[in-house]
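Okay, structure first, notes after.
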């Protein structure tokens, strides 16, 4: 008769099976390709999860009725008493066991692997017994145990049993046309012998280690370069020296577990699950939720202990810099530019009122206070650039300005006031990464490279510059010009090349920290994102109003996931880098917003400068005490009840 179970048993289709001839006893063989464990009572039963039993299980197996082995204290299927458990003491109708789907089996195996890693072997045994699944192939289990016990000869022999299982489309390491199963086995054998060799050396068994190197590793003719490195370890004077030079944990569980992780990549998951597979899947899920969260603006720890797996990841808009924290009104005319220092501790603002004001950021309250006022810019200040070390600041004026000011930020003293010709127009500047040079230029055809004293080092004739940026290689300078393009100029070999071509004037641009992306403000078009490596337009952001004013946008937030720009409609727009539609429109300014700067060290802080003469600091919503809200609500209810009665 077919094996049956009581409908009242827990486990949703689990439960012990009885009788050697029942069709359901084929669950293990039908689903997993191995013999059923539900044999006669006198027959020894295999350990359900295929792993070595604990000491307690081994001891208890000797006292089991009929000589049955016990899976870590759980009676094996088919043992005495299983029929009663199966029937559940009920005389009612019996329910046929439901066959598990492939996804169900996968989940059970993942849970089993995780529980085994926690040391809950009895639970794993019961789970595998009740589900009819197995954690891994018996040959893989034997291989695992031999590796962890350091029985290298037996582990090598196990490779022969695993040979038919290596070449699988589901293996993590794929075989190319030039690779064979034999070469894959050689790689696995090489890893085993390398561990064996290192353990011999650590134990001081130099002759045995030399024998492994000469007679086992070298004949494989695999990774000769690595063998030369291994031979050098023979000169190590002591075990600590060996572990340091080999960057190896030493003989024991840690290094053998790491070795097993490498070996598992050559086996398909149907044979042996990849290490910590459930944790990796959960981590990927958390990372995906974070990436899809429009307002995520903080560093997320990859450690699963730092997040809750019981709820989805979601960030509130109230945690995002959408709220005015402070309004700076010290400028007495239009504010054309603002820029945070590289270390995020200061903000510089330039105005039509001929001054640059440097503000200090309070690290605790994130409030700004006036630190220094730099005066004397007769034409006003339309562009500012901090040196890489934040010790210096260069200020430029509008189109009719032929001068450039280099200030010492610490002392507030003017180090250099540079002007090559009264006919020049120096409206943009960019620092070389070495902090010893900068480039400057304007729309009248000037393009200079200078030192900190204003001495002219190089010049490029005939280039009408709108905006500049120095790349991290220290050689290439990007410049947007009047031909609606961005070109790369190399001052060392005097070569140039086209990188970006737009159909309308490029009013300003900025580059991401990794040098890969360029953010352009294009006249009458808005904000465009370009990939400089592939030289393609990635995205056009919607919403912003951009005419022929020079408006400066920026990358910002954690990992530069966000983009912000001013606009001629008096707003600040914020987009997630992957989305063309704005996720926030910030209101408050009453005239054109000329520039936006995101604090590079404080992702929740942003500044905007406007023709209304103010600088606004943006941050998260002010904290509201929930108890205070509840208290006010209760007071309101009491007041209402008094009025009612």
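Backbone N, Cα and C define each Cβ position, glycine as well.
Summarising the annotation, TrEMBL assigns region 'Disordered' to 1-75 (among others).
Residues or ranges marked as compositional bias 'Polar residues' in TrEMBL: 29-39.
For 48-75, the entry in TrEMBL reads compositional bias 'Low complexity'.
Per TrEMBL, region 'Disordered' is recorded for 80-99 (among others).
TrEMBL lists 136-208 with the feature domain 'CTLH'. Mean pLDDT for the domain 'CTLH' (136-208) in the predicted structure: 82.
What TrEMBL records for 328-362 (among others) is repeat 'WD'.
Under the heading repeat 'WD', TrEMBL lists 374-405 (among others).
Taking Cβ pairs closer than 8 Å, the repeat 'WD' (586-618) reaches residues 297-298, 319-329, 331-340, 342-345, 347, 349, 351, 361, 366-368, 549-558, 562, 564-568, 570-574 in its own chain, all 6 or more past its ends. Taken from TrEMBL, the feature repeat 'WD' applies to 586-618 (among others).
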### Query
Per DSSP, what is the residue count of the repeat 'WD' (328-362) in each of helix, strand and coil?
0 helix, 19 strand, 16 coil
